[in-house]
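Undergrad: To start, I am sharing the structure in question, which I have written as structure tokens.
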Amino acid sequence: MHQSSLSLDFFGSPHERVQKALASLRAGGGVLVVDDEDRENEGDLIFPAQTITVPQMAMLIRHCSGIVCLCLTDEYTRRLDLPMMTERNTNTQQTAFTISIEAATGVTTGVSAADRVATIQAAVAENASPENLRRPGHVFPLRAKPGGVLERRGHTEATVDLMRLAGHAPCGVLCELTLDDGSMARLPQVAAFAVAHAIPLCSVEDLVAWRHGLGEENIAISA
């Protein structure tokens with residue numbers, strides 16, 4: 001099969017796709033998640049925040065948009081005293097950015113892969129507090145809706161849901177996959193990237209179906 005013609009079906013059934021994604025996350029690997037063509041129509045590369053490595057961060061920076069985001073629950077953002085980036089969110093998709101962050105210690109300019117990993121580690125440490133972070137910085141936290149993908153079908157919520165289901169703390173790192181010319185990767189290109197790098201691929205809708213199958217309609221996500 002030519003890679004340009006790859007579709008989600010190439011990666012198995014919806015259930016199998018989520019299974020493979022969770023297995024990768026449990027092993028400290030990454031996943032690719034696409035949303036609906038009528039929404040952002042983008043694919044995000046996602047890693048667990050607790051275990052992300054410098055090579056994984058370098059991969060995000062090299063192949064993605066450069067806007068590295070840390071997806072968090074509301075409890076995390078309150079614990080870290082992270083206010084929303086704006087009081088009135090007029091973003092079309094209601095993407096919930098907080099003010100950006102940097103680790104208070106152990107970083108230089110905050111831009112390198114190592115510095116961004118240090119910032120994420122500072123934010124998600126078990127004893128993390130507002131004093132561990134500087135504001136603004138080069139990592140962009142996103143606040144997930146409490147109901148996850150059952151409340152909002154976004155990459156932020158998909159990331160937090162996947163981490164929880166994989167047994168990680170509900171926090172993950174994402175960045176949007178881009179092409180060499182700087183344009184956004186769509187499903188065929190995301191699928192080809194997944195095959196080339198042996199990364200599982202699933203969709204937000206796959207995760208919605210998985211959660212419905214678990215009878216989780218009323219289960220909120222918490223830290």
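Glycine is treated like the rest: Cβ placed from N, Cα and C.
Copied straight from Swiss-Prot:
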type	residues	note
BINDING	Arg39, Glu40, Asp44, Arg152, Arg153, Gly154, His155, Thr156, Glu176	D-ribulose 5-phosphate binding site
BINDING	Glu40, His155	Mg(2+) 2 binding site
BINDING	Glu40	Mg(2+) 1 binding site
SITE	His138	site 'Essential for catalytic activity'
SITE	Glu176	site 'Essential for catalytic activity'
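Show me how these features fit into the shown structure, please.
TA: Taking a C-beta cut-off of under 8 angstroms and a sequence separation of 6 or more, Glu176 (D-ribulose 5-phosphate binding site) has the following same-chain neighbours: Glu42, Gly43, Asp44, Cys64, Ser65, Ile67, Met184, Ala185.
Cβ contacts within 10 Å of His155 (D-ribulose 5-phosphate binding site), excluding its own Cβ and spanning all protein chains shown: 29.
Around His138 (site 'Essential for catalytic activity'), a 10 Å sphere centred on its CB holds 19 further CB atoms from the protein chains shown.
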Undergrad: Roughly how many Å separate the Cα of His155 (D-ribulose 5-phosphate binding site) from that of His138 (site 'Essential for catalytic activity'), to the nearest whole number?
TA: 19
Undergrad: On the three-state reduction of DSSP, what should I expect for Arg153 (D-ribulose 5-phosphate binding site)?
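TA: It is coil.
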Undergrad: Between the Cα atoms of His138 (site 'Essential for catalytic activity') and Arg153 (D-ribulose 5-phosphate binding site), find the distance and write it as a whole number of Å.
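TA: For His138 (site 'Essential for catalytic activity') versus Arg153 (D-ribulose 5-phosphate binding site), the Cα atoms are 26 Å apart.
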Undergrad: Near the Cβ of Arg153 (D-ribulose 5-phosphate binding site), how many other Cβ atoms are there if near means within 10 Å?
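TA: For Arg153 (D-ribulose 5-phosphate binding site), the 10 Å Cβ neighbour count is 20.
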